[in-house]
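Per TrEMBL, the features are:
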ACT_SITE  156  active site
ACT_SITE  339  active site
DISULFID  169-174  disulfide bond
DISULFID  330-334  disulfide bond
DOMAIN    138-442  domain 'Peptidase A1'
């Protein structure tokens, strides 16, 4: 497995790692010296002096000491990188459909991806409508507290808060999921801060607290997170995930809570201030989010770097959208948000209408047999073409096919806005680089 790691460590990170590695080195040297009846070395400075200035009469040969130093530096050079596996589970849409609740739910809570990004334009108070997660299927496991309490969370680049259900929530949406119990954690720290995230179907209310959060191999010893006391009904009741871990910028975090990845960066817990996402074509496994590194074995060619146009969501400038060489949307340039927490491709109603007409879809439905004859849809970004094949943008649910496009109308000061969700992300290895405020895309291997 090939990890790409930057030599540019944070100074604080370097000394943290250096201190720990040389503690190990000194112990190794002393173990050998003890066996030979030698004087102990008590500091890394002595270790260096011993290695570089030992005489031929030294108890342990200079070569052995140099090899020990080399081994320690090899360990030191390892990247602070962790990979969290994402499992593909049943979507909320599928669960509601199986329980005969889908039609009624959609009548009461129409899909409105717009309110996730600009609640004012959507004419509602919702800042994170749960219906945005109707088709989400990728979840990963984290733990909170000491001893660890595990939760399945959606890693969402379109929001910034971490929250999970708590034992103080007695409604079915909470009791159907894992619930955090502060009394069971010796590292829990309470606050007096409340948290409220509005949804189209109600609100998640609760409070903020601090505790140890483990994401893969990274242990963040003092992370602020939300504990729900109330959650909206049907949707959360049947969702496969317990909570949400937001990976967008702190500027959009509710209650000013520091996002998990920002805390990782601030504490020097990652070797690079970036994370990357890979969504596998395998139906069950292989997907992951990697913190602190890039795994080049999962993509082909080179990474194409794209500067961000805003530091709120992972927003970029897009040049155009074409099919068969014909521009069908974003003709004068537009904005796009790369969002792991949105499953579909969303854009202005005019552009979506053009696309649906071009592929022969009616009200979002399309004949499954048409898939083999449809063209790629090509997103040109920063002068580079990123095609998405019909096998990705046509969704086949047991022989019933629908398009992977959704209408939103969200004009920005820099043009119309598109959302590149998992239909797009599944085709590319995506790197989210906070150090340089940019993203990178490369075709999956």
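Yeah, the Cβs are placed from backbone N, Cα and C, and that goes for glycine too.
Checked against residue 174 (disulfide bond), the recorded positions 156, 330, 334, 339 differ in C-alpha distance, with 156 being the nearest. Among the recorded positions 169, 330, 334, 339, the residue whose Cα lies closest in space to that of residue 156 (active site) is 339.
Neighbours of residue 339 (active site), defined as other CB atoms within 10 A of its CB across all chains, total 28. Cα to Cα, residue 169 (disulfide bond) and residue 339 (active site) are separated by 29 Å.
Note: the Cα of residue 339 (active site) and the Cα of residue 330 (disulfide bond) are spaced 18 Å from each other. Sequence-distant neighbours of residue 334 (disulfide bond): residues of the same chain at least 6 apart with a C-beta under 8 Å from its C-beta are 317, 318, 414, 415, 416, 417, 418. Counting every protein chain shown, the number of other Cβ atoms lying within 10 Å of the Cβ of residue 169 (disulfide bond) is 22. Per-residue pLDDT, averaged along the domain 'Peptidase A1' (138-442), amounts to 92 for this model. Residue 330 (disulfide bond): 22 other CB atoms within 10 A of its CB, across all protein chains. Counting every protein chain shown, the number of other Cβ atoms lying within 10 Å of the Cβ of residue 156 (active site) is 24.
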